[in-house]
Every structure is written in structure tokens, then in C-alpha cells.
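Visitor: I'd like to ask you about the structure that follows.
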Amino acid sequence: MEGDDFTPEGGKLPEFKLDARQAQGFISFFKKLPQDPRAVRLFDRRDYYTAHGENATFIARTYYHTMSALRQLGSSSDGILSASVSKAMFETIARNILLERTDCTLELYEGSGSNWRLTKSGTPGNIGSFEDILFANNDMEDSPVIVALFPACRESQLYVGLSFLDMTNRKLGLAEFPEDSRFTNVESALVALGCKECLLPADCEKSIDLNPLQDVISNCNVLLTEKKKADFKSRDLAQDLGRIIRGSVEPVRDLLSQFDYALGPLGALLSYAELLADDTNYGNYTIEKYNLNCYMRLDSAAVRALNIAEGKTDVNKNFSLFGLMNRTCTVGMGKRLLNRWLKQPLLDVNEINNRLDMVQAFVEDPELRQGLRQQLKRISDIDRLTHSLRKKSANLQPVVKLYQSCSRIPYIKGILQQYNGQFSTLIRSKFLEPLEEWMAKNRFGRFSSLVETAIDLAQLENGEYRISPLYSSDLGVLKDELSVVENHINNLHVDTASDLDLSVDKQLKLEKGSLGHVFRMSKKEEQKVRKKLTGSYLIIETRKDGVKFTNSKLKNLSDQYQALFGEYTSCQKKVVGDVVRVSGTFSEVFENFAAVLSELDVLQSFADLATSCPVPYVRPDITASDEGDIVLLGSRHPCLEAQDGVNFIPNDCTLVRGKSWFQIITGPNMGGKSTFIRQVGVNVLMAQVGSFVPCDQASISVRDCIFARVGAGDCQLHGVSTFMQEMLETASILKGASDKSLIIIDELGRGTSTYDGFGLAWAICEHLMEVTRAPTLFATHFHELTALAHRNDDEHQHISDIGVANYHVGAHIDPLSRKLTMLYKVEPGACDQSFGIHVAEFANFPEAVVALAKSKAAELEDFSTTPTFSDDLKDEVGSKRKRVFSPDDITRGAARARLFLEEFAALPMDEMDGSKILEMATKMKADLQKDAADNPWLQQFF
């Protein structure tokens with residue numbers, strides 16, 4: 001091996017310990033492996049891991065950030081590039097590939113020479129093999145879900161069969177639904193289920209264009225795995241499910257009979273996840289019909305715009321809604337439930353109010369909240385512990401942690417019983433009764449008796465999980481021998497402290513870990529006794545927390561202890577299996593217990609957030625979707641106001657039917673338009689999740705969907721420009737939104753020419769007003785769009801019925817210095833000036849550049865450099881731009897342009913060749929140009 005050592009985080013990379021013969025044998029094996037561009041393959045060499053070929057290059061570039069980490073294994077003629085990976089770096093790589101990325105899979109091989117075998121494999125949707133590594137030191141905050149899809153056409157209508165698998169919660173689900181060409185329902189399902197991986201048949205019907213579906217999967221950050229169509233089979237499905245589903249098979253047959261297209265995907269999932277190959281799955285799964293209409297629909301654009309999920313570049317956790325609301329969730333099961341709730345906001349007013357009632361109970365009773373929080377902190381992740389019990393390699397640790405968690409039930413029950421507020425009936429039915437049922441049926445008593453009888457709980461202080469020595473005489477003998485050795489070790493501890501003139505435990509500690517029994521002292525104490533240490537003791541390790549050392553007596557005693565403990569472990573092995581098996585029979589009860597506690601955990605976190613902010617959150621009034629308005633007084637963006645050094649300026653939002661249901665918001669860049677429309681979406685989502693909201697007062701009409709077109713970025717990797725991405729997202733809104741949705745659109749049309757952008761923006765506004773009729777916040781730099789609020793003639797009566805209102809973000813220009821000051825207040829009325837040049841000044845552009853910009857603006861747009869203040873807006877708005885076209889020209893021209901766009905969109909391009917499309921487009925353009933002869937606004941496009 002050649003090349004300089006690379007030292008990530010201050011330590012050298014592990015050295016390759018292969019001789020020439022071993023290297024040649026491995027190279028021979030490695031080159032025979034089948035090619036898989038997605039697979040990252042790592043090889044376990046006991047003390048370290050290695051990666052080879054393209055995988056080594058990937059790891060060097062992605063994780064070490066230098067190619068100097070690469071080594072050549074073997075001769076230059078047939079050798080392969082390689083990289084060594086420490087155990088700590090292996091955990092980092094595994095977490096990144098399986099929990100953060102969606103373009104790789106992970107494979108782990110064990111063996112030596114040319115004899116290696118695949119022992120673990122994982123994908124973002126199936127992490128089971130690596131769970132112990134991934135979550136050894138971290139909570140599991142999300143439940144990875146695999147989904148399988150099967151698109152099919154019936155009578156010219158596209159349908160999609162969907163099945164999902166949640167291996168963490170042992171749940172299967174099915175759904176099928178009609179779909180549009182943009183696969184908007186699939187996107188909503190992928191978001192709501194939190195999918196990490198999607199199975200798709202590689203050879204679908206040729207009449208179905210899968211490109212939009214693949215784009216949806218990519219936009220949702222989901223790994224696409226193509227399988228043969230033959231894998232999507234439903235033969236013997238009921239029989240197979242009968243082995244893994246709890247209860248009778250008859251309800252399963254009845255459920256399957258309701259589906260035509262979802263059965264194939266379900267069969268593909270069973271095969272792909274190999275559920276039938278693991279007998280620990282038998283009788284442990286549930287299956288359900290998944291209904292897309294149970295929750296608010298969110299697409300990937302809305303998730304990004306509202307910052308729902310944590311991002312890789314987030315500086316702190318408050319950058320995302322999940323990070324902010326996860327402030328006091330204590331364990332993984334609560335965090336996973338919060339993650340699911342944020343992607344599945346409720347639609348039922350009663351369900352929303354039930355959650356709000358419980359949050360209010362905790363908000364109003366600090367002692368109740370604090371008491372529960374202290375108990376919840378002492379509870380482990382019950383879902384994962386129950387999952388661990390089902391593994392064939394399960395040991396006593398999950399049994400003990402379940403026992404310790406369940407021991408908190410009487411305390412939680414007692415705290416809840418003390419609450420006698422206005423929501424006591426709800427608290428009793430939701431939390432107290434399930435806990436009392438657990439206690440009344442003596443489930444806790446039976447499990448506790450098992451653990452207390454079978455396990456030596458006194459040894460937990462030493463970090464050991466032992467079967468009680470009372471179980472057998474052999475264990476009793478070994479326990480006595482261990483006690484004798486322990487006494488010798490403790491006596492040696494005292495003698496050593498005396499020899500070094502140190503106090504026992506305070507200055508000289510006795511520890512037991514991977515190094516066996518060792519002594520530890522601080523670096524400061526080590527300097528005082530260094531001479532004595534040099535003569536009679538052996539220093540094992542020096543770290544920040546102190547110096548670990550031993551001597552011959554301690555080493556011999558430690559070796560004796562380890563040997564006896566090994567015998568004890570072997571002797572208790574059968575009993576351990578029995579205890580784990582019996583504990584596993586309580587799994588269903590544990591799962592119900594976990595569901596109660598995780599919901600309690602999340603609602604507690606909501607209450608903590610509502611009361612701990614500088615300005616407390618308020619309870620929103622919730623009305624049905626066909627009633628009420630959306631009124632947010634003094635609303636704030638929860639994530640922005642939580643940032644250090646931010647003094648957030650609140651704003652009112654009044655989306656009132658017939659008055660201001662559709663709002664056009666103008667004003668300078670950086671003035672707060674984007675923040676305002678996003679915070680409205682965030683407040684609505686938080687309310688429907690069941691949380692208090694950052695407002696002074698809030699009334700919210702339930703929305704079935706939030707659509708967002710905010711800040712489209714380039715997607716060059718997918719061959720999609722900023723403008724095309726903007727149009728694709730807008731197309732999803734036009735096709736998927738209803739009058740019960742909430743739409744937020746920011747700066748539509750800025751990715752193309754001014755005239756094209758304005759024409760599109762006008763036509764889209766008209767469509768949303770006339771057809772969709774949903775509450776809409778439309779932030780724009782096209783000030784001419786404000787004319788839409790004044791069209792009250794008979795021809796546009798349907799627009800005035802919805803209620804169109806103009807708002808602007810305030811700005812002040814000093815008349816003398818011409819300096820711009822952002823006020824960040826949203827106020828009634830239109831802003832008819834662009835502040836682009838002022839913003840450039842604000843950003844300290846060179847004076848010469850600003851002067852030239854003003855000159856060109858004056859030439860091209862007849863820009864007035866002298867401020868002219870209108871009576872209603874005064875100096876908060878600024879100078880006006882001369883209108884070149886009359887409102888009538890704009891209205892008629894935009895209507896004709898919209899007709900052109902609708903006709904063009906209706907062309908069946910999938911059925912036409914290029915020459916025919918060009919012929920039709922040329923004719924349509926000629927007709928439009930003819931109509932433009934008497935319309936100055938339309939003429940500008942030619």
C-alpha cells in the first residue's frame with residue numbers, strides 16, 4: 001500500500017493488514033461480484049472495514065473529502081483502488097446512506113481471502129439488518145416505509161394500485177385510486193406515508209407515460225427500485241398473509257376482495273422484504289385499507305415551502321417545523337409520531353378539537369405538564385424494544401428496559417388522576433382508561449413478576465444482564481465464585497488507592513468495560529503519582545477524561561472474572577431464550593402502551609412549545625371547510641421567530657369569503673412577501689395537526705390540501721430549468737386544487753420574459769378565481785395584476801363574488817437620501833412600483849451600476865426618478881410607473897392569451913408527431929396574431 005496517511009478528525013485511517021496472497025484472493029473474489037451501480041459494498045475485517053473500486057472513490061470523495069484516502073490494493077496491472085473505514089466512520093456512512101440519501105443501498109460482507117459472503121443488506125426503506133448500528137447512539141425519528149405502485153389504464157382512465165410496508169410498526173396497507181397525468185395523488189400518498197423507497201414494475205403498459213411518475217418519486221426524495229412485472233403477482237396472497245397477519249384470515253380475504261390493482265404491489269412487497277422467510281414475523285403484522293382522503297394532502301413542494309422536515313443544511317433544529325415542535329419529545333416513538341402527524345394533518349373538526357383540548361389542558365396546568373415530563377424522560381423507545389424481542393438474537397437488555405419503562409405506569413396514572421380541569425373526561429378516556437386496563441388485568445403485574453423472578457436486577461448497577469442464580473444450582477455456584485473475585489477486586493482497589501495516596505472512588509475509580517476491570521484517575525492526579533505508576537503499573541489509555549491503568553494483580557483478577565462471566569452467560573443461555581420468548585407474548589400490549597405514551601409525549605411537546613416562546617401561542621378556532629374564514633391576527637412564522645437575534649414583526653391575515661378570499665400581494669423584494677404567505681400556510685398546518693399557533697388570535701376553516709409554489713430552484717440533474725419546475729408545480733395546483741384547498745404562490749413567472757410571465761400570471765390568477773375558487777395568497781412583482789381586484793362588471797361577476805383584495809408589504813423611501821427602509825408590515829392596497837433598483841442600493845451595489853440601471857429603466861419603462869406619492873399610500877409605497885396599456889386592453893388581451901394557452905394545452909401531443917404539432921402551433925399563433933391587430937397589449941408579444 002502506498003501514499004500518505006490521511007487523518008480524518010485527527011486520527012489515522014486504519015491500516016490494511018493483508019499480505020500479497022490474501023490481497024490477490026480478495027481481488028479475484030471482488031471482480032466476480034455482479035455489477036450494481038447503487039450498491040455501496042463494505043467488507044468487515046474485524047477491526048476495520050474496507051471499500052473497493054468505485055465504492056472506494058465514492059467514500060473518499062463523499063466522506064473523507066480527499067482522494068489521498070485511496071490506496072492501491074494489489075499490483076498496478078490488476079489491482080483495485082481501496083479505502084479503509086474505521087468502525088466510527090462505518091456508522092456515519094451507514095446512517096447517511098440509509099437515513100439521509102435516497103440513491104444508494106448498503107451491503108456488508110464477512111469472510112477472508114477469496115471466501116466472502118453477504119451478511120447484511122439494507123435500503124432506505126428496509127434498514128432492519130443495520131438497526132442496531134444506526135440507532136445504537138441515536139433515536140429513530142422516522143419509520144422508513146416501502147411502497148409498491150402498479151399503474152394501469154381502464155377505459156382511458158389511469159388508475160394506480162398502491163401497497164405500503166412499515167417494518168418498524170409491522171403494518172401493511174393497500175389503496176387504489178384514479179390518477180391524473182401528473183400523479184398528484186401518488187405524490188400526496190408518498191409524502192403522507194413518509195416513504196423512503198418505491199417499487200415499480202420495469203415493464204408497464206406502453207400507453208402509460210412513467211416519466212412524470214418517476215419525477216414525483218425523485219421530488220419526494222424516494223429511492224426508485226424497478227422490479228420485473230412478474231414480481232407483481234397476487235397468487236396465494238391470502239394464504240401468505242394468513243401466516244403473518246394477526247387474527248383470522250377471513251377479514252384479510254374480505255379486505256383483498258375490495259381491490260383490483262393493489263394486490264400485485266402487495267405481493268411484490270412480501271417478496272422484496274422476504275417477510276415470509278422470517279418466522280418472527282408470523283402473526284405479528286396488521287393490514288389496513290389506506291384512505292387518501294383522511295388527511296390534508298401535501299405535495300413535495302409544500303413540504304419544502306413550509307419547512308416541515310429537517311434539512312441537511314439546517315444550522316439548528318429550529319429551521320424546520322419538525323425540529324421546532326420536537327423540543328421536548330423524549331424518545332424515538334414520540335418523535336416518529338410527530339413526524340407522521342406533521343405529514344398527516346387532520347380534516348375532521350372534532351378530532352382536531354380533541355387534540356387542541358388536550359394541549360389546552362397541559363398548557364393551563366404547569367404542574368401536570370412538568371410531572372408527566374419527568375416520568376416520560378425515564379421511558380425507553382418501547383416500539384423498538386418490542387421489535388428487538390422478536391429477533392432470534394434477542395437478549396435480556398430489551399426485557400429489562402421494558403420492565404423499567406413499565407414501572408413508570410403507576411406514577412403516570414397517579415399524575416393524570418390528579419387533573420380535575422375542564423377536559424378531565426377526555427384525559428380519562430384517552431390516557432387514564434388504557435393505563436388502568438393494563439393495571440386492572442394484571443398485565444403489568446404478570447410481566448413484572450416474570451422479570452423480578454428471572455433476572456438478577458441487582459447486577460444492573462454493574463451494567464450486566466444476568467438470569468437470577470436462584471434458577472439453577474450451577475448458576476448459584478458461578479454467582480458465588482464471581483462474588484469472591486469481585487471482593488478481591490474491590491479489596492485491590494482499596495489497596496491501590498492506599499499505595500498511591502489517593503482516595504477511593506473520589507480520586508481513584510474502578511471501572512469495568514471493554515478493557516475489563518481498570519483503574520482510572522484524572523490527568524492532574526496522574527502527574528502527582530507518575531513515579532509510582534512507572535514502576536508497578538501499566539498505563540492502558542490516556543484520554544481527556546483521565547488515565548486508565550492496571551497492574552498484574554488486577555489483570556489476573558479481571559481475566560478470572562471475564563472467564564467466570566462467560567461461563568455464567570453460557571449456562572443461562574436457555575433460560576434467557578425462555579424469558580425473551582415469554583416476554584414477547586406481551587408484545588401487543590406493549591404496542592398499545594407505546595401508542596398511548598407516544599401521543600402523550602407529542603401533546604406535551606405541543607404544550608411546552610406554546611408556553612415557552614417569548615410570545616405564547618394561542619388556541620385556534622376551527623370550522624368546517626365550507627364554513628368560516630381564515631383569520632390570523634398578529635400571526636408570526638414559528639421557525640423564524642425562534643432564531644437567535646430575530647425580532648419578528650407580526651402581521652394580520654384575513655382571508656374572508658366574498659371580500660379577501662383571493663389576495664394579491666405586491667411590494668419590494670426582501671420586504672417580507674414570501675415569509676408572510678409561508679407563515680399563513682404553516683399556521684394552518686399547525687392548527688390541523690392539533691397544535692396552538694403563533695398568533696394573537698386565530699380562526700381557521702379546515703383545508704383539505706395546501707399547495708405551494710414558492711422559490712422554485714433549478715433541477716439540472718433532472719434536465720429541468722427553474723421556469724419549467726415552476727410551471728410543473730403550477731400545473732399540479734391547477735389540476736389538483738379545490739375550493740377547500742389553500743394556495744400560496746410566490747413570484748410566478750419570474751423565470752421567463754416579463755411579458756410571457758405576466759400573461760401566464762394573469763391567466764393563472766383568472767383560473768384560480770373563476771374555477772378553483774380556493775383561498776389564495778398570490779405574491780407577485782407584476783403590479784398590473786392588482787387590476788384584477790377592480791373588475792366588477794357583469795362579465796366578471798364570478799370573480800368579484802370570490803372576493804379579490806390587494807395587499808402590499810410596506811417600505812419607506814427617505815425623500816432626501818432616497819434610502820429604502822423595509823417595514824415588513826402587510827397593509828391593504830396595491831403597490832405599483834418595483835423597488836428592484838432600491839434593493840440593489842440596499843445590497844451596496846457600486847454607484848455606477850445603480851446609476852446605469854436607473855438610466856436604462858427610464859429608457860425602457862418611462863421610469864420616473866422623482867417620487868410621486870398617492871394619497872392613500874403616501875411615502876410608504878413610492879413613485880409610480882406610467883401605464884402604457886388601458887385596463888380594457890389588458891383584460892381583453894389576457895383573456896385571448898389565456899384561450900390560446902388552453903387550446904395549446906388541450907392538444908393531444910402524445911398522439912401527434914413533431915411535424916403535426918408544429919403545424920397546429922403555427923396555425924394557432926397566426927390566429928392569435930390576427931386577433932392582436934386591434935389590441936396593443938397583445939401586439940407586444942409579436
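Just so it is clear, glycine is given a Cβ too, placed from its N, Cα and C backbone atoms.
According to Swiss-Prot:
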- Gly667, Pro668, Asn669, Met670, Gly671, Gly672, Lys673, Ser674: ATP binding site (BINDING)
Visitor: What other residues of the same chain, not counting Gly667, Pro668, Asn669, Met670, Gly671, Gly672, Lys673, Ser674, have a CB atom within 8 A of the CB centroid of the ATP site?
Guide: Ala779, Val809, Met822
Visitor: Rank the binding-site residues Gly667, Pro668, Gly671 by the number of other Cβ atoms within 10 Å of each Cβ and report the first-ranked residue.
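Guide: Result for the most crowded candidate: Gly667.
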Visitor: Applying a 10 Å Cβ distance cut-off over all chains shown, what neighbour count does Asn669 (ATP binding site) have?
Guide: 18
Visitor: By a simple count, how many Cβ atoms lie within 10 Å of the Cβ of Ser674 (ATP binding site), its own Cβ left out?
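Guide: Taking all protein chains shown, Ser674 (ATP binding site) has 19 Cβ neighbours within 10 Å.
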Visitor: CB neighbours of Gly672 (ATP binding site) within 10 A?
Guide: 23
Visitor: Given the binding-site residues Met670, Lys673, which one has the fewest other C-beta atoms within 10 angstroms of its C-beta?
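Guide: Taking Met670, Lys673 as the binding-site residues, the minimal 10 Å Cβ count falls on Met670.
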